[in-house]
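Taken from TrEMBL, the feature compositional bias 'Basic and acidic residues' applies to 41-51, 118-142, 156-165, 172-195, 214-228. Residues annotated as compositional bias 'Polar residues' in TrEMBL: 52-61. The compositional bias 'Low complexity' feature in TrEMBL is assigned to 145-155, 198-207. The annotation region 'Disordered' is assigned in TrEMBL to 37-71, 116-228.
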Amino acid sequence: MVLKVYVSGMSGNKEVKKRQQRVLMILDSKNIQYDTVDITEPGKEGEKEMMQNKSTSNGGTVSDPDPRHPLPPQIFNDADYCGDYDAFDMANEIDTLEVFLKLAPADTTAVSSAQIELKQENGDAKKEEDGEKEKATEKDEAAPAEEAATEANGEAGEKAEKKDEEEAETTSEEKEKDEGEGADAKEENGEEKRQVSATTTAATATAVDQPTTDSDRLLESERAATAL
């Protein structure tokens, strides 16, 4: 039985090239004998058609998840199909590569169950990782907006406090001014009252010293004549 790895030497898909290199590297590291079949070489049309017809896995990549024809690398053991790159990589991860390549007998049901379980675990882990990355990205995007809002609120609060202080100072100055003006007004009123009182007193004294009626003046004349 001969292990065959179908590859494309002229593929423009970088992921396909990396997958082909990885499959061959792993087989070499495990000293597993294989033949490489380049389906793009002249005269390999029959091999290419057989690979496309018998491959049950399409070998989809990130850039081409649902190709029209199965993508290499595809692995066969003679004419028996083993699987595509994903199945090969899974078997290598769970240490069942020889069974996958049909080089050793095994319970295929157990292998399939292990593959399914590992795929599910990898899928869940990837979803959790993607979710964490998305949350971290949203948090990073929201942080500048929150900081800007905090700064704006702080500036607004400082302006409001400054305005209140200025208003309080203005009110205090106006109050002191009003009190000063009131004191001045009271002092002026007191002075005016004192002046009026003095004037009234002087007028009263003058009125007392001078006769106010004809009788008083006649009496004064008589007193003056007697004195002479």
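Backbone N, Cα and C atoms are what each Cβ position is placed from, and that goes for glycine too.
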Counts by DSSP class (helix H/G/I, strand E/B, coil) across the compositional bias 'Polar residues' (52-61): 3 helix, 0 strand, 7 coil
Helix, strand and coil totals (DSSP H, G, I; E, B; other) for the compositional bias 'Basic and acidic residues' (156-165): 10 helix, 0 strand, 0 coil
Helix, strand and coil residues within the compositional bias 'Basic and acidic residues' (41-51) as assigned by DSSP: 7 helix, 0 strand, 4 coil
